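J.: This is the structure I have questions about; it appears just below.
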C-alpha cells in the first residue's frame with residue numbers, strides 16, 4: 001500500500017495548495033461525508049486532488065459535467081498517474097435517439113443509436129479496473145448514474161482459465177458465446193474469438209490492442225499467452241487469465257429464463273388492465289412487441305431494448321434503484337465532483353425527463369410498466385450511494401454550501417497570478433469601446449473573449465467586427481464537441497483573435513493567451529448574468545498576467561455587486577500572499593496539446609492550411625488537374641488501408657476544391 005498511487009510531476013504544491021491538501025486529507029481521515037474545494041480558476045485544483053488521492057490510497061470516481069471536461073481531466077490524471085489505472089467512463093453513444101411516442105401526431109420514434117466502439121472498450125476497461133485493482137481512478141460524466149448491467153450477474157459470467165487446468169474446448173466456446181463474443185475465421189477484432197484446431201484466440205472486449213491465445217492439449221490448458229492480433233507476436237506468457245464479458249448487460253441463462261417467466265406474468269396482468277379500459281389497440285401492440293422480445297431472449301439470450309427488462313434481469317423489486325457504476329465501486333472509494341455548481345443540478349435533473357418519456361410509452365402500449373425501472377438514479381438514491389465526497393468549484397452552488405462539513409479555500413495560485421482587474425463601462429458605447437480595446441489587446445499579441453446575451457447579438461457583433469478587419473469567430477450551441485475544441489485551439493494558436501459566445505465561455509476553458517474578457521449587457525439580471533456566471537466568465541482571463549475584464553452596464557445589479565466583491569476579496573488575498581513571499585506573477589506556459597484532448601485533429605487542418613498560399617496563384621485548369629490527382633491518391637491510400645495518409649490528402653483535396661469555387 002506504500003506507493004499505491006504515485007504522482008509524476010516537475011512541480012511541488014505551492015500557493016494555497018499545501019493548506020487545501022492538508023485540510024481535505026484531515027477531513028477525509030476524520031470521516032467527513034462531504035467537503036468542498038473552493039478553488040479559483042488556474043489555482044491547480046486538479047493537482048490538489050491528485051495529491052489527496054495519492055495520500056488517501058483509495059479508488060476514486062471523478063465526475064465532470066460534460067465529455068469535453070471529462071476528456072481534459074482524463075488527460076491530466078493520466079499524466080499525473082502513468083503507473084495507475086486511470087480510466088474513462090462516458091456515454092458510448094455518438095448519436096442517440098431514445099424510443100418515444102408523440103400522441104398528438106400518433107408518431108412512434110424507434111430507438112436509434114450509433115455506438116462508439118472505442119468508448120465502449122474504455123467503459124468495459126473502467127469497470128474491469130474497479131473489480132481487479134485498488135489503484136483505479138475513473139473519470140466519468142453523468143453517465144455514471146444511468147443503469148448498467150448488474151455487477152453480480154456480470155461477475156458470474158467471467159471466464160477464468162489457468163495453465164494446467166482441465167477444460168473442454170466446447171465448454172470454453174459455449175461460455176464465450178454466452179458472454180456475447182462472436183466467432184470469426186478472418187482477422188480478429190475486439191469482442192471476437194477465433195479457433196484453429198486446439199488454439200483459441202480471444203480479443204477481450206475491454207482490451208485496446210492485445211489479444212489472448214489459449215492453447216489446449218487433450219482437454220488441458222497447455223499454454224496461455226498475450227499477443228498482438230495484428231502481427232501475431234507473442235508479448236507475454238501467462239499462468240492464468242480472466243476474460244470479461246463483451247457487454248455489461250450480459251446475463252446467465254438461468255436468469256434469462258426467470259426473466260421471461262416474470263415478463264409473461266406481467267404481460268397478462270397488463271393486458272387485462274388495458275382490455276378492461278377498452279384500450280384494444282394498445283393491448284394488441286403490447287402483446288405483439290413483448291412476445292417478440294420474449295422469443296428473441298429465449299433464442300439469443302438478448303433482444304433489442306433488453307434494458308427495458310432490467311428490473312427482472314437484475315432481480316429487483318418495483319421502484320428499486322437500478323445498478324449503476326456506483327455498484328461497481330468498492331466501499332472505501334472516494335467521489336470527486338468537478339464544477340459541482342453545474343454537475344450537482346445536472347444529476348438532480350436526469351430522472352424526471354426520462355420518466356415523462358417512458359410513462360407515455362407505457363400508457364400507449366409500447367412498453368410494460370416495469371420499463372419505468374430502467375432509469376437513472378433519483379437524486380436521493382445518488383446521495384445514498386455516494387461515498388465520501390469532495391465538491392470542486394470556483395463558485396460552489398447552494399447544495400454544496402449547505403451540505404459541506406468543511407470548505408478548503410484555494411485562492412492563491414502557485415504562479416502568483418492575480419484575479420483579473422474588473423472595470424465597469426456604459427452600455428451606450430459598448431461596441432465602439434470594445435472595438436478600441438480589442439485593437440489594443442491584439443497589438444500586445446493576446447486574445448479576447450466576448451460574451452453576449454443572445455444568439456442574434458453574437459452573430460451581428462461577429463459580422464460587425466469582421467467587417468472592420470478583425471479576425472473573429474462565433475462559438476454557438478450547434479458546434480459539436482470536437483469542432484469546439486478545434487475553435488479554441490485555433491484561438492490559442494492565433495488563427496483568429498476574438499471569440500464571441502453566449503453561454504459557452506465558462507467552465508473548463510483553459511486559455512492562457514486570453515488577456516481580455518468583455519461581458520456585454522452585464523446589468524441584465526438572469527441566468528447568464530448571475531453571480532456565478534459572472535465570476536466564472538471573469539475567471540477566463542485569470543491565466544494571463546495582463547488579464548482584465550470589462551463589464552458593460554448602466555446599473556449595478558445585486559449579482560454584479562456580489563461578483564465584484566468576491567473578485568476583489570480574492571485579489572486582496574492574492575496580492576498580500578505575493579507581497580509576503582516576494583512572488584512575481586508569472587503567466588502559464590501550457591502547450592496547446594497539453595490542454596486539448598484530440599488536438600491532433602486541429603493540427604492536421606493547420607498543416608493543410610499552411611499549404612494554401614502555394615495554390616493561391618494557380619489557374620482554374622491547374623487547380624482542377626491537381627484536384628483529380630489528389631482524388632486518385634486519396635482512393636489509392638484508402639484501398640491500401642493507409643487511412644491516415646488518405647485523410648491528410650482528403651483535407652488538402654477539400655481545401656483546393658474550396659479554392660476553385662472562389663475563382
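A Cβ is built for glycine as well, from the same backbone N, Cα and C atoms used for every other residue.
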J.: From the ranges 44-67, 68-91, 92-115, grab the one Swiss-Prot calls motif 'Beta-hairpin'.
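T.: Here Swiss-Prot associates motif 'Beta-hairpin' with the stretch 92-115.
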J.: Which of the three DSSP-derived classes (helix, strand, coil) applies to residue 44 (ATP binding site)?
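T.: DSSP call for residue 44 (ATP binding site): coil, neither helix nor strand.
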J.: Please list the DSSP helix, strand and coil residue counts for the domain 'UVR' (624-659).
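T.: DSSP composition of the domain 'UVR' (624-659): 33 helix, 0 strand, 3 coil.
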J.: Can you give the mean pLDDT for the domain 'Helicase C-terminal' (430-596), rounded to a whole number?
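T.: Across the residues of the domain 'Helicase C-terminal' (430-596) the model's pLDDT averages 86 on the 0 to 100 scale.
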J.: May I ask which residues of the same chain, at least 6 positions away in sequence, place their Cβ under 8 angstroms from the Cβ of residue 46 (ATP binding site)?
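T.: The list for residue 46 (ATP binding site) reads 73, 76, 77, 80, given in order along the sequence.
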J.: So how many of the residues in the motif 'Beta-hairpin' (92-115) end up helix, strand or coil by DSSP?
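T.: The composition, in the requested order, is 3 helix, 15 strand, 6 coil.
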J.: Compute the mean position of the Cβ atoms of 39, 40, 41, 42, 43, 44, 45, 46, which form the recorded ATP site, and then list in sequence order the other residues of that chain whose Cβ is within 8 Å of it.
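T.: Counting only non-site residues, the set is 48, 394, 410, 413.
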